[in-house]
Amino acid sequence: MEFAELIKTPRVDGVVLHRPFMPTVEGTLCLTGHHLILSSRQDTTEELWLLHANIDSTEKRFVGSLGTIIVKCKDLRVIQLDIPGMEECLNIASSIEALSTLDSVSLMYPFFYRPLFEVIEDGWQSFVPEESFKDLESMTDEWRLSEVNKDFSLCPSYPSLLTVPKDIDDESLCKAASFRHGGRFPVLSYYHKKNAMVMMRAAQPLTGTNGRRCKEDEKLINATLCAGKRGYIIDTRTIAVAQQAKARGGGFEQEANYPQWRRIHKAIERSNVLQDSLIKLVEACNDQSHSMDRWLSKLEASNWQSNVKEILTTACLAAQCIDREGASVLVHGTEGTDSTLQVTSLAQIILDPACRTIRGFEALIEREWLQAGHPFQQRCAQSAYSNGKPRSEAPVFLLFLDCVWQILRQFPCSFQFNENLLIMLFEHAYASQFGTFLGNCVAERGKLQLSQKTVSLWSWVNRPQELERFLNPLYEPNNLVIWPSVAPQSLLLWEGVFLRWNRSTKCLDEAYQEMVHIIEYNKELQNKVNSLRRQLAQLETEDSPLQTP
Amino acid sequence: MEHIRMPKVENVRLVDRSSSRRIKVGTLYLTATHTIFVGKGSEDRCELWVLHSLVCNVVKHKASQSGYPLLIHCKNFQVMQFIISQESDCHNVYISLSRLSRPEKYEELYCFSFNPNVDKAEREHSWDFLDLKAEYSRMGLPNKLWHVTPINREYRVCDTYPADLFVPQSVTLPVIIGSSKFRSRGRFPTLSYYCKENHATICRSSQPLSGFSARCLEDEQMLQAIMKSNPGSRFMYVVDTRPKLNAMANRAAGKGYENEDNYCNIKFQFIGIENIHVMRNSQQKLIEVSALRSPSMGEFLMGLENSDWLRHIKSIMEAGIFISKAVAEEGVNVLVHCSDGWDRTAQVCSVASVLLDPYYRTLKGLMVLIEKDWVSFGHKFSHRCGHLDGEAKEVSPVIDQFLDCLWQLMEQFPCYFEYNEKFLINIHNHIYSCHYGNFICNSQKERKDLCIKEKTHSIWPHLWENKLDFMNPLFKPDQSQNQGLLRPRTAPYCFKYWRRLYNRFDRELHPRQSELDCLMTVKEETQQLEEDLALCEQVEHQIFNYHPHKSKQALWSLPLDTSLANTPQDYIGGFIGGAPNVFTLQQGERESAELCLFGDKPKSSDADNSDQESGVADFSSHSSGEESLPSEDSVKDPDSDETGPNRA
C-alpha cells in the first residue's frame with residue numbers, strides 16, 4: 001500500500017519513551033500507516049498508540065549517536081522518544097513528518113478503521129434534519145423545510161435541507177442567498193418554545209460600499225417577526241471591522257432598510273487571531289519557569305480568557321434578547337461559519353435544557369457545527385504547536401467547548417454530561433478514527449462518502465459502555481434557562497485541556513471517584529429502603545384484616 | 001452610645017454593586033454594635049446587619065442626583081453603598097460610623113457586650129474546649145527529650161510568649177535566660193511541632209541580636225541542645241524566612257541572623273517572604289482588583305499580577321514545603337524565625353504542620369493549630385487586624401495568607417481535608433469580627449490581664465456545634481492518614497485567586513449551583529437513609545419473627561416521607577439562579593446599543609456584561625429563602641443568627 005514508501009524504518013528496538021508524570025517506558029517503536037506504536041512487550045506497562053494525525057509537530061535533537069524526537073500532539077501532549085542510532089532516528093522523524101501531514105483526506109485513518117465493537121445505532125443516521133424538523137413542526141407551523149439547496153449549488157457550505165419561514169418561497173431564497181456571503185442566507189437556528197421567539201443565523205450581507213440592498217433578504221428576516229415586534233441583529237464583529245468589510249463587498253444591515261431590527265455589535269476575534277491566542281496560551285502553560293509574574297502576564301497576553309469571555313457574553317446577549325426581551329434574533333459575523341456558530345450554539349445551551357443532555361448536545365453539534373458548515377478540516381488541521389505558516393486553522397470549536405465547560409462549572413448539576421465528553425470532542429475534532437469531523441461541510445462529506453466508508457463518532461459514544469464515562473453523577477434535569485456569570489473572576493482556565501499533561505490528576509481523580517461513590521451509595525440505599533418499604537406495605541395490607549378490631 | 005449622632009435614617013437607598021440599577025429603599029439604623037439596614041416593602045424586604053468592628057473604612061462620595069453616597073468597606077471584603085437623601089444625615093452617619101468602627105479601648109469591642117443566653121459555667125466551659133496541653137501530649141510530649149519549662153509562667157522572660165513552653169530536657173534555666181536575652185523581644189527558641197515518628201521538630205524564635213559580630217554562648221548552647229534532642233540527626237536547619245537583604249539590614253540595628261561559624265552543625269537558609277508592609281500593600285491591591293466593577297479579563301489578570309498576592313502565597317507555601325520535607329524526609333530539626341517571630345514564623349510553622357500532620361487537616365486540628373501557633377505564640381491579632389484605632393502600619397493580612405495557603409492546598413488535595421472552605425471563611429470572618437474573645441489582644445499575657453476568659457466567649461465551641469456546615473463531603477480520613485506528608489505542586493498555575501473569600505459577598509460571581517452543597521445534601525440524605533434502612537430492617541425482623549399484626553404501629557411510625565422530602569430535587573431547586581434579575585434593554589442600554597453603531601463600542605459591551613452577571617436574584621431571596629441557600633455568604637451579616645436584636 002501507499003504508506004510503505006513513506007515508512008523508511010518500520011521498527012526500532014531500545015527506544016525510550018518519556019512522558020510527564022508517567023514512568024519512562026523502554027520498548028520497540030513501530031510505525032504503521034496511521035500509528036506510532038511503542039510497546040515494551042510486557043503486560044504490565046501500557047502501550048503507546050499515537051495517531052499520526054494527532055501529531056502537530058516534531059523536533060529532533062542529537063547527543064552523540066543518541067537521537068531524540070520530541071513529538072508535540074494536537075491534544076497538547078508532548079512526548080519524548082530517545083532513539084539509539086542516528087540513521088534510525090532521522091528515518092523515524094522524516095516518516096512521522098510525512099505521515100502526519102498527508103494531504104489527501106481519503107488516506108486518513110477513518111477510511112481504514114474497522115470498529116472492534118458492534119455498531120448498534122449508526123451515528124450517521126442519529127441526527128437527521130428531518131427529525132429535528134418534526135420536533136419543530138410539533139411546536140409551530142410557521143416554518144418549512146426547503147430543498148432549494150438540494151445540489152449545494154445555492155450555498156456550498158449549507159446542508160441540502162434548510163428550515164426557512166413558511167411564507168418565503170425558494171425563489172426569494174435564491175435572491176437572498178446572492179445577497180449573503182457564501183450564499184449563507186438567514187436560516188432557522190433555534191426556536192424558543194417558551195415565547196415562540198427564534199434565533200436565525202446567516203453570513204454578512206453583501207452591501208458593499210454603495211449600500212446594496214435586497215428586498216427578499218429583508219422580507220425573509222422580517223417574516224420571523226411578530227406584528228409590531230422588533231428583532232435584534234447581533235453582528236459578532238465590532239462596528240469598525242464591519243465597516244471595513246464593506247470595502248471587500250461585505251457589510252452589515254443598514255437601519256434604513258431593516259427598520260424593525262436593532263443591530264448590536266460585539267467583538268469576537270477572527271479565526272487567525274484565535275489561533276495565535278491558542279499558541280500563546282499553550283506556550284504559557286508549558287513554561288517551566290517558576291515565576292508567578294511571568295505566568296500571569298503570559299496568560300493575560302495570550303488573550304485566551306478574554307476570548308472566552310467575549311464569546312460567552314455575546315451568547316448570553318443573544319439568549320437574553322430571546323428569553324427576556326421576547327425578541328427574535330439574527331446572528332452573523334463575516335462568513336457565518338465560526339463566531340456565528342459559537343454564539344448560536346452557546347445560546348441554545350443557555351436557553352434549552354435539552355441541549356444539556358448528552359443526546360441533545362450531540363444533536364447540537366451535529367446541527368450547529370457539522371451541518372451548519374463549520375470547516376472542521378481546515379480549522380483543525382493544526383493545533384497549538386504548528387510552526388508552519390498558518391493557513392486557516394483556528395481553535396473556534398475548542399473555544400466553544402471551553403465556553404461550555406465554563407457554564408458546566410457554574411451549573412455543575414444541570415448537565416447530563418461531564419468534562420470528559422468535552423475533552424473527548426476536542427481530541428476527536430483534531431484527530432480521530434471516526435469520520436465525523438472530516439470534511440468542511442455536508443457537501444464535502446457526501447463526496448467523501450463518509451457515511452458509507454467510515455464509522456461515526458456517535459456510533460461509538462452512544463454505546464452504553466462508553467456513555468458511562470461521560471455521565472455527570474450530579475445531574476438533575478433543570479428546565480430553567482441558565483445564566484452564567486461572565487465576570488473575569490468567574491471564568492477559569494480549563495485545566496482539563498490546557499494543563500492536562502502538566503499535572504498529576506491522582507488527587508482530582510480520587511475526588512471524582514469519591515463523588516461518584518457518594519452518589520451511587522445514596523442511590524443504592526434509596527433503592528433498598530424503597531423496596532423494603534414496599535415489602536412492608538405489602539405485609540401490611542395482608543395483615544390489615546387481622547388488625548381491624 | 002454617645003457616638004451615635006443619628007440612630008435612624010429613613011429613605012436610605014442600598015445600591016447593589018453588581019448593577020447600579022438594583023436598589024433597595026429602606027431605613028438605616030445605627031446601634032451600639034451594628035449598622036442595620038431594613039428594606040421597605042414586603043416583596044423586597046431585606047435585612048442587612050453589619051458589625052461595627054468589621055467596618056474597615058467609611059467614605060463619603062460626591063453627591064449625585066439621587067443623594068449623598070456613603071461607601072462602607074468591611075474587613076471581610078463586604079462593600080456596601082448607601083445613598084442618603086439629606087447631606088446632614090449622611091454626614092452624621094459618616095461621623096458616627098467612623099467613630100464606632102474605630103474603638104479606642106478594648107472594652108468597646110463587641111465581644112465584651114456579646115451576651116448569648118448561656119450561663120457563666122457554660123461560658124467558662126467554652127474556653128476549655130481546646131486544651132493545648134492535650135495537643136502537646138497528642139504529639140507525644142513531654143517525653144525524655146522535651147519538657148515544659150516553668151520559666152515563663154509569669155511572662156517575665158518573654159511577655160509575648162505563652163506561659164508553658166517546651167524546651168529540650170538538657171537545657172538549663174540560665175541557658176534559656178541567656179538565649180532569650182540574645183533574641184528580639186526575648187523570644188528564645190522553643191518547640192512548635194514535634195514529630196513522634198522520627199523525633200524531628202519544628203522550633204521557632206525571633207531573630208538573634210547578633211549585629212555584625214555579637215555572639216551568645218547560651219544561645220549557641222540552646223541550638224546545640226535542640227539539635228541533639230533529635231538523636232537521629234547530625235545537623236539542624238535554621239530557616240530565616242526573610243529576604244536576605246532585609247536580614248542583613250537588620251544587622252545594622254544590632255539584630256540579624258545566625259552566623260554559621262558560631263553555631264555548630266547548623267545549615268542556614270533564607271527563604272525570602274516579604275514583610276508585613278509589603279503584604280498589606282499587596283492585599284490592598286488585590287482587594288481593589290476584586291472590587292472592580294465589570295473589569296475586562298485583561299484588567300483583572302493584570303491587576304492580579306500587579307498585586308503580587310499569589311507570588312507571596314507561593315513563597316509562604318514553598319517555605320512550608322521546605323520545612324515539612326526537612327522534618328518528614330530528612331528527619332532533621334528546623335528552627336524558624338523572621339524578625340520578631342510572630343508573623344512569617346507563624347505562617348510558615350503552621351503551613352508546614354498542615355503538610356506534615358493529617359490531624360491539622362481536621363476541624364478540631366485546625367482550631368488547635370490556630371490556637372497554638374497563632375494565638376498562644378503571640379501573633380499580634382489586635383495590631384494586625386486593626387481591632388482598635390491605632391497604627392495603620394501595624395495592620396497586615398498575615399493570617400489571611402495562612403488561610404489562603406490552606407485553601408490552595410484544599411484545591412490541590414480535595415479529599416484530604418475534613419473541613420471545607422466555608423470553615424476557613426468563617427474563621428476569617430471571626431478573626432476580624434471581635435465577636436468572640438479568641439482573637440483579641442496581642443498576646444496571652446494581655447488576654448489574661450484583660451480577663452478575656454471571664455468576660456467574653458470562645459469561638460471554637462460555636463464552630464464545632466455548626467460543624468455539619470463545615471464538613472468536606474469528599475474527605476477520606478483513611479486516605480489522608482496514609483498520605484502523611486502532603487507534597488503540593490508549586491508551579492505558578494497551581495496558585496489561584498480565592499474568589500469565595502475576596503468576592504464573598506458578590507453572589508452573582510459564584511457558581512449558581514454548588515457541587516459542595518449538593519454533595520453535602522446527598523450525604524445528609526444518605527445518613528437519613530441509613531437510619532431508615534435500619535428501622536425498616538428492624539420492623540421486617542419483627543414482622544417475620546413475632547406477631548405480624550403487632551408490628552403495624554411500628555411500621556406507620558416510620559418516617560415515610562423522608563425519602564420523598566429528600567429527593568435530589570431538593571438541592572437543585574434552591575441554588576439555581578434561573579433568570580437574570582432584570583434584563584430588559586433599558587433606556588441606558590438602548591442608547592449604548594445605538595451608540596455602538598457609531599463606533600463607540602466598549603461601553604456597550606460593559607453594560608451587557610453587567611447584565612449577564614446578574615444571574616441570581618439578590619437581597620430579597622435571602623431573607624425570605626433562608627433554607628434555599630445554606631451558605632451564609634450573603635447580604636445579611638453572617639453572624640446575625642446569634643446577634644439578632646432580641647439577643648444582643
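Note that Cβ sites are derived from N, Cα and C of the backbone, with glycine treated the same way.
If you average pLDDT over the domain 'Myotubularin phosphatase' (B:126-502) in this model, you get 95. Positions annotated as domain 'Myotubularin phosphatase' by TrEMBL: B:126-502.
Annotation note: B:Arg344 (substrate binding site) sits in a helical segment as assigned by DSSP. Under the heading substrate binding site, TrEMBL lists B:Asn275, B:Ile276, B:Cys338, B:Ser339, B:Asp340, B:Gly341, B:Trp342, B:Asp343, B:Arg344.
The active site, phosphocysteine intermediate annotation in TrEMBL covers B:Cys338. In the three-state DSSP scheme, B:Cys338 (substrate binding site) is classed as coil. All chains included, 27 other C-beta atoms sit within 10 angstroms of the C-beta of B:Cys338 (substrate binding site).
Per TrEMBL, region 'Disordered' is recorded for B:599-648.
Counting only same-chain residues six or more apart in sequence, the Cβ atoms lying under 8 angstroms from the Cβ of B:Asn275 (substrate binding site) belong to B:Arg242, B:Asn246, B:Ser339.
All chains included, 20 other C-beta atoms sit within 10 angstroms of the C-beta of B:Asp340 (substrate binding site).
Per the record's binding annotation for substrate, residues B:Asn275, B:Ile276, B:Cys338, B:Ser339, B:Asp340, B:Gly341, B:Trp342, B:Asp343, B:Arg344 show a top Cα-Cα distance of 12 Å. Those same-chain residues not listed among B:Asn275, B:Ile276, B:Cys338, B:Ser339, B:Asp340, B:Gly341, B:Trp342, B:Asp343, B:Arg344 yet with C-beta within 8 angstroms of the centroid of the substrate site C-beta atoms are B:Ser206, B:Thr241, B:Arg242, B:Thr345, B:Val398. Of all the Cβ atoms in the protein chains shown, 28 others lie within 10 Å of the Cβ of B:Arg344 (substrate binding site). Secondary structure at B:Asn275 (substrate binding site), as computed by DSSP, is coil.
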